[in-house]
Amino acid sequence: MFAAKRGQRLLSALLIGTAMGSLTGGVNQQIARAEGAISPSPAAAHLPNFVNLVKEVKPAVVSITATIKVKNSEMEMQGGQQAMPFPFPFPFQMIPQQSGPRMVEARGSGFIISADGYVVTNNHVVKDASKVSVHLENGQVFSAKIIGRDQKTDLALLKVHSSAKLPFIQLGESNDVQPGEWVIAVGNPYGLGGTVTAGIVSARGRDIGDGPYDSFIQIDAPINRGNSGGPLFTQDGKVVGVNTAILSPSGGSIGIGFAIPSDVVKNVVEQLRKNGHVVRGFLGVTTQIISPSMAQALKLKQETPSDPYHGALVASVTTDSPADKAGIKVGDVILSVNNHKVDNPHDLAVQVAALAPKSPVDIIVWRNGTNTSLKAVIGNQLEMIGDGGQNGGPSSGNVGMALSTLSPDIRQQLGVDESVKGVVVREILPGSPADQAGLRPGDIIVSVNRQVMVNPKAAANLIKEQLHKNQPVLLQVIHDGQNVFVALPPGENSEDNSFLGEDGAGH
């Protein structure tokens with residue numbers, strides 16, 4: 001009886017809704033016909049079917065197991081990080097020990113991009129791994145070699161050796177992907193193996209503050225721990241992204257996921273394949289966002305009244321940098337690079353970093369109320385110093401880190417005041433002596449062999465000089481707010497995994 005009455009009430013509600021709809025139909029039609037109103041085209045009558053697509057691409061999607069040694073404190077942090085937006089790979093199995101470090105088997109995803117066994121995944125899946133294995137859908141397991149890793153984009157390239165050609169998939173054009181488009185994610189969530197989910201592109205160009213070159217594709221296709229490194233497909237079977245992160249208060253998917261665009265992946269993977277590391281372009285400016293009041297004061301123009309102001313306001317120019325030599329001045333607004341519009345400072349950083357060193361570039365700046373065209377030659381963000389970098393031979397003078405001036409902006413980011421003197425570690429090359437010594441980006445080198453350092457080039461030269469003498473170097477470092485000493489031992493390093501760079505802050 002109760003169920004029947006409840007059903008009658010529901011039916012009545014639906015009937016009332018229908019009646020009201022008929023009464024208001026004329027008004028709605030008038031509103032819909034209003035001049036200038038947005039009138040979307042009718043929605044498709046059916047949902048897409050991904051069965052054939054998944055059958056074709058799934059053999060090239062792999063599960064990755066990385067054996068990692070972690071401290072107990074790190075395990076505790078990982079266990080409690082479910083509210084963090086960027087989860088580690090799924091911890092599949094732990095070998096318990098009474099005390100000290102533990103060996104953890106972490107699982108992630110990846111995909112094969114060539115018949116001879118190159119595999120793309122996330123850097124955080126294989127970072128610090130002592131052993132990496134790749135599992136194919138057909139049950140085959142291969143030991144993998146890490147060809148190179150790039151921390152800034154969170155990408156890594158692996159290589160497996162097989163007597164037979166392997167199934168592989170192609171990287172597509174992420175610039176062609178549009179919000180609202182269907183996408184399919186395939187991966188290894190929670191160690192379950194090949195799992196397929198689907199959704200749409202929610203947004204493009206997302207900067208979520210995870211890295212200096214963030215420009216993610218945001219998706220609502222469910223991805224979870226273990227999906228890291230897996231491919232994101234469009235309906236043509238091309239990979240347009242690498243699933244990397246989720247935003248979640250619980251650790252599980254709530255429909256906000258992020259993938260690295262394939263256009264970024266192509267550039268990084270090609271460099272990792274050739275060099276084992278990534279070389280980025282350098283312009284030599286620090287820039288800031290333009291507020292509406294700044295734009296009015298600068299007399300900037302808008303394409304239409306409803307469009308936001310675009311560009312990057314130059315706050316400083318590094319002496320003798322490519323920007324300085326090109327004639328870029330403080331107060332200029334950089335509007336475009338090689339005819340690509342610059343939306344904001346972050347967009348400028350992404351565009352410049354993607355350019356090859358020594359490549360010519362056309363830059364348009366807004367100066368004194370008019371557009372000014374300039375030409376620059378892009379520099380190397382990590383300029384080689386020492387014989388190992390210049391002549392290709394082995395050198396003990398290179399330790400695998402890049403140094404920058406401790407500028408006001410960097411001080412603010414690191415939370416240090418003017419009383420702190422030193423130079424900041426801007427980048428560490430994975431596997432290098434600096435990496436093995438425990439140095440990390442954001443560390444402040446206060447002194448080198450007890451000599452206080454405030455100039456990156458002077459610090460680099462002194463380190464190189466000592467190592468060339470086959471002498472260890474003692475560094476006084478501020479690491480995670482603590483004052484510590486680090487010793488860099490002398491030793492030979494190959495060209496592919498050692499460099500020491502210095503430059504000013506900026507793009």
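Heads up, the Cβ atoms here are built off N, Cα and C, so glycines get one too.
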Substrate site partner of Asp154, Gly226, Asn227, Ser228 (as recorded in TrEMBL), chosen from His124, His135, His277: His124
Largest tally of Cβ atoms lying within 10 Å of a Cβ, found at which of the binding-site residues Gly226, Ser228: Ser228
Between Asn227 (substrate binding site) and His124 (active site, charge relay system), the C-alpha gap once rounded to whole angstrom: 12
Tally of residues which DSSP labels helix, strand or coil - the domain 'PDZ' (267-344): 20 helix, 19 strand, 39 coil
Secondary structure content of the domain 'PDZ' (403-465), with strand meaning DSSP E or B: 21 helix, 16 strand, 26 coil
Residues His124, Asp154, Gly226, Asn227, Ser228 binding substrate per the record - widest CA separation, whole Å: 15
Distance [Cα-Cα, Å, rounded] between His124 (active site, charge relay system) and Ser228 (substrate binding site): 8
Around the Cβ of Asp154 (substrate binding site), the count of other Cβ atoms that are within 10 Å: 25
Other CB atoms within 10 A, centred on Asn227 (substrate binding site): 32
